[in-house]
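Look at TrEMBL and you will find A:Cys73, A:Cys184 tagged as active site, proton donor/acceptor. Under the heading substrate binding site, TrEMBL lists A:Asp10, A:Ser11, A:Tyr42, A:Gly43, A:Asn74, A:Thr75, A:Thr185, A:His186.
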Protein chains: 2
Amino acid sequence: MDKRGIGVFDSGLGGLTVLKEIKKILPNEDLVYFGDTARVPYGPRSKETIMKYTFQAINFLLTKDVKAIVIACNTATARSLVEAQEKYDIPIIGVIEAGARTAAASTKNGKVGIIGTEGTIKSKAYNAEIKKIDKRIKVYGKACSLFVPIVEEGWANTEVARLTAKEYLKELEEKDVDSIVLGCTHYPLLKRTIGEEVGMEVKLVNPARETAIDLKNILIEKNLLNTKEELGECNYFVSDINEKFPSIAREFLKSKIEVEKVEIQRY
Amino acid sequence: MDKRGIGVFDSGLGGLTVLKEIKKILPNEDLVYFGDTARVPYGPRSKETIMKYTFQAINFLLTKDVKAIVIACNTATARSLVEAQEKYDIPIIGVIEAGARTAAASTKNGKVGIIGTEGTIKSKAYNAEIKKIDKRIKVYGKACSLFVPIVEEGWANTEVARLTAKEYLKELEEKDVDSIVLGCTHYPLLKRTIGEEVGMEVKLVNPARETAIDLKNILIEKNLLNTKEELGECNYFVSDINEKFPSIAREFLKSKIEVEKVEIQRY
């Protein structure tokens, strides 16, 4: 039994969708969330810059004495997970392996679509993971850069969102994919809009839940579970707090949270 | 006569629209551009964070021995110009004073609209500047957070852009404004889409040209003009270079540029 907490890192607030799933699967664990809101979004940045930002986030979380870290951001996972795992001694897991596994299990016609940020799609990280599982599966990626700002504007269920989804998804529809990975933590909030566009017969895969299950298995395997009876605590840190913060946090968590600001450049 | 260059700072690449105007008005001056592409956009960030980023940008430009600095970003001007002018000895000008002056001169019915990022609109910096000129002018601000990502996606003239413009601008249309300030350096690229929505009778004010004229006047006044006969050189620096960079830069400048990367956190 290990009482230390689990670090959850995201480029901003999208990772709260992953944190929510971890809370459900591991209710007794203490969690420490860090969102890099001073430098969000990571989607359009270079690999080098994303690696630097990820290492700073991990360095910060380590000061909170965490026993494991979840990189709850597809872009950061795609661009820096392998390097982070090499650099640090504690278990670090991303969201892509779980998402890839779920997609591979879900497709019937062997055609999977991946939607995400520019960084995630350009990295082809999902393609590589899915090919590891089954080489025959065809993987089609599509960067949907406007989805994150649309969600943050609170426009997920508007005509603008629908038209944007139509434009982005037509390529995947033409490829006849039967499963689409929501490869960005903001996208579950667009699930209805995306679903209406591609139709009920296309399965939308959200890697968050599978990631939480992976995390639990790793904690069990490494004998790191917290077996206390009380519910775990959750502490939230961000690198910038702007006026819009409370409303976006509410959008993701459906509850109010207290946050503390971190000077992330120092880590 | 002063041969030192002029620093032009923007949160990203939007400031290239201002740089273009400076080149036209002051063709003999050497220019040093810095775009903070590792931390763009500034629009949604807090005043504190934007001030820190602005000071780092100015510190970097000072290492290039510039004689004056233009903050070619509305958000950075709104949130940090006054503090930067207090902190540094060389002339520093923003884009808002010029935009406000042009809007005040342009309106006939005394009703002006300002569109910009969350940060610019929340700061009410345009309101304050316009009120200084004429207290009777009514100023209506509207944050248009999706316009920047739409421009960066290359979607400025699409149906998504038109629908988004319709949604954002209906408030200003209801207020019967006859002039709208394009209070973000990305927005001139949306001029046609915005113009089609609000109609020909509404004047769209682009602060870039007036800012360049202001700069010229300040250089003359302070005896800082470069009176050499040859055309000035232009050097470009950014804090991150991603794969999309060349296409976005081309969108703004209509020509290819060479850029150098700067570790801006060190300044």
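From the backbone N, Cα and C atoms, a Cβ is placed for every residue, glycine too.
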Local Cβ density at A:Tyr42 (substrate binding site) - other Cβ atoms counted within 10 Å: 26
For the binding-site residues A:Ser11, A:Asn74, A:Thr75, the one whose C-beta sees the most other C-beta atoms within 10 angstroms: A:Asn74
Residues that sit under 8 angstroms from A:Cys73 (active site, proton donor/acceptor) by C-beta distance, when 6+ apart in the chain: A:Phe9, A:Asp10, A:Ser11, A:Gly14, A:Gly15, A:Tyr42, A:Val95, A:Thr185
Cβ within 8 Å of the mean position of the Cβ atoms of A:Asp10, A:Ser11, A:Tyr42, A:Gly43, A:Asn74, A:Thr75, A:Thr185, A:His186: remaining residues of the chain near substrate: A:Gly12, A:Gly14, A:Gly15, A:Val40, A:Pro41, A:Cys73, A:Ala76, A:Thr117, A:Thr120, A:Val148, A:Cys184
Cα proximity to A:Cys184 (active site, proton donor/acceptor), best match among binding-site residues A:Gly43, A:Asn74, A:Thr75: A:Asn74
List of residues, in chain order, with Cβ under 8 A from that of A:His186 (substrate binding site) and at least 6 apart: A:Gly14, A:Thr17, A:Phe147, A:Val148, A:Val151, A:Glu152
Other CB atoms, at most 10 A from the CB of A:Thr185 (substrate binding site): 29
Among the substrate-binding set A:Asp10, A:Ser11, A:Tyr42, A:Gly43, A:Asn74, A:Thr75, A:Thr185, A:His186, as the record gives it, the longest Cα-Cα distance in Å: 13
Cβ neighbours of A:Cys184 (active site, proton donor/acceptor) where a neighbour is any other Cβ within 10 Å: 31
